[in-house]
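Here is what TrEMBL records for this protein:
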type	residues	note
REPEAT	208-249	repeat 'WD'
DOMAIN	212-290	domain 'IP5PC-F beta-propeller'
REPEAT	250-281	repeat 'WD'
REPEAT	297-329	repeat 'WD'
REPEAT	340-370	repeat 'WD'
REPEAT	382-424	repeat 'WD'
Amino acid sequence: MLAETCPHNNLLPHSSNFRNNMVHSVPNMSSTTVNDDDFDVRQSSFSAYDDPNRLSAEGSPTMLSPWNQSSPFNKSPWYKFDDDVPKNIPQNGLIGSLVREEGHIYSLAAKNDILYTGSDSKNIRVWKDMKEFAAFKSNSGLVKAIIISGEKIFTGHQDGKVRVWKVQSKNPSNHKRAGSLPTFFDIFKASIKPSNYVEVKRNRTALWIKHCDAISCLSMDHSQGLLYSASWDRTFKVWGVDNSKCLESVKAHDDAVNSVVASVDGIVYTGSADGTVKVWKRESVGKSVNHVFVQTLLNQECAVTALAVNKSGSVVYCGSSDGVVNFWEREKQLSHGGVLKGHKLAVLCLAVAGNLVFSGSADKNIFVWKRDGSVHTCLSILTGHNGPVKCLAVEEDKESTGSEKKWVVYSGSLDKSVKVWSVSEMAPNLHHMAMNNGQEDVTWDSIPSAKYSSDGPSI
């Protein structure tokens, strides 16, 4: 297979022969129609969870696209572009791309130059230095979420289970199954007591420690050793990383929970297909953990599809099925700061690194926003995927300095590829580039809350 190349290699608004192997950002919005099921987030009040005889994955078009492979551990080469790109000019563009006709990419996690990829196959693959480093196989396909915590890897699946894997210290390429959440023993122990059963839907009961539908998202509070799992069963659950026990289950929303994010000071955010973003506060008394509802940040008609919080916890971002990204500022009592508008279709994933915000969408593009106070300016639009961008992961580049922050961005798509991008905070933004070419009316800034509230969503 030949190296994949992106058709867009020109800078806005005029073309440049900078290098064909550097895919420059262009404001190219795809208007391709994509079905909700194709990017696998819950968009409306309908839920397979409502039908006790139907599994979440049944009927989805993604289930009709099996990975074409003869072995679960066939090598999957990274196709790299030339490395001799000028380093003295800050530019944002494509480093390399992994193309494998196996299935849709649903989840990514990156740490210390190690990349984990999850898909609708049963395989979780591990990449290092742009090459396949390891692979391990799960009993369930559709790996919806991946979290790295020390030597442990947590994966969330369509079957409602969280599986735990451990990296062998003597052989880092070896990943062994360490169990699942909840553990078999905890399920057996809980099943003895009738009080541990709760009503879930249509007179159905289930153990409160088990998810009854697909896991949509995982988040980790590393300082407290707590793992959060969100599910289409309308709950989020809290797990102790050390003892693998379910500490709490919270009935959070009236529809599928699409995202959960643990932030600083015990604050947790959840976003749902019911159109709401909610804030929760963790209260710990002894060994017990209790999350108390604080407030609703957003209540709208369209589904909330993604959440992200910056490292300090000062800004929270929410992506929706209407293509809009809302944000709130904690220093201002979580008041609505404004919106980032640019995507033509649903925002499916968000990531925050330094002063940058990344939004991936069903329109196949990745917007890179740079935050300066409450103002967000569109720095770049990364194009090249041929399908919806489902997941993002970001790591600081080894070449990053105090004067120029650089990031390595991984994007997973339903086009069955993972792309690796280099992004610099010092790259010229689209507004400045347009101004330099006489297009003074072009603006890529965020819309302040005051200007948006007149016709925007209810906050």
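Cβ from N, Cα, C; glycine included.
With DSSP classes pooled into helix, strand and coil, the tally for the repeat 'WD' (297-329) is 0 helix, 21 strand, 12 coil. Applying DSSP to the repeat 'WD' (208-249) sorts its residues as follows: 0 helix, 23 strand, 19 coil. For the repeat 'WD' (208-249), same-chain residues at least 6 beyond its ends with a Cβ under 8 Å from one of its own Cβ atoms are 41-42, 47-49, 56-57, 142, 144-147, 149, 152, 154, 156-162, 164, 179, 181-183, 186-187, 190, 196-198, 200-201, 255-262, 266, 268, 270, 272, 282, 288-291.
When DSSP labels each residue, the repeat 'WD' (382-424) comes out as 0 helix, 25 strand, 18 coil, counted as helix, strand and coil in that order.
Secondary structure of the repeat 'WD' (340-370) per DSSP (helix as H, G, I; strand as E, B; remaining residues coil): 0 helix, 20 strand, 11 coil. For the repeat 'WD' (297-329), the mean pLDDT of the prediction comes to 97. Residues in the repeat 'WD' (250-281) partition by DSSP class (helix H, G, I; strand E, B; coil) as 3 helix, 20 strand, 9 coil.
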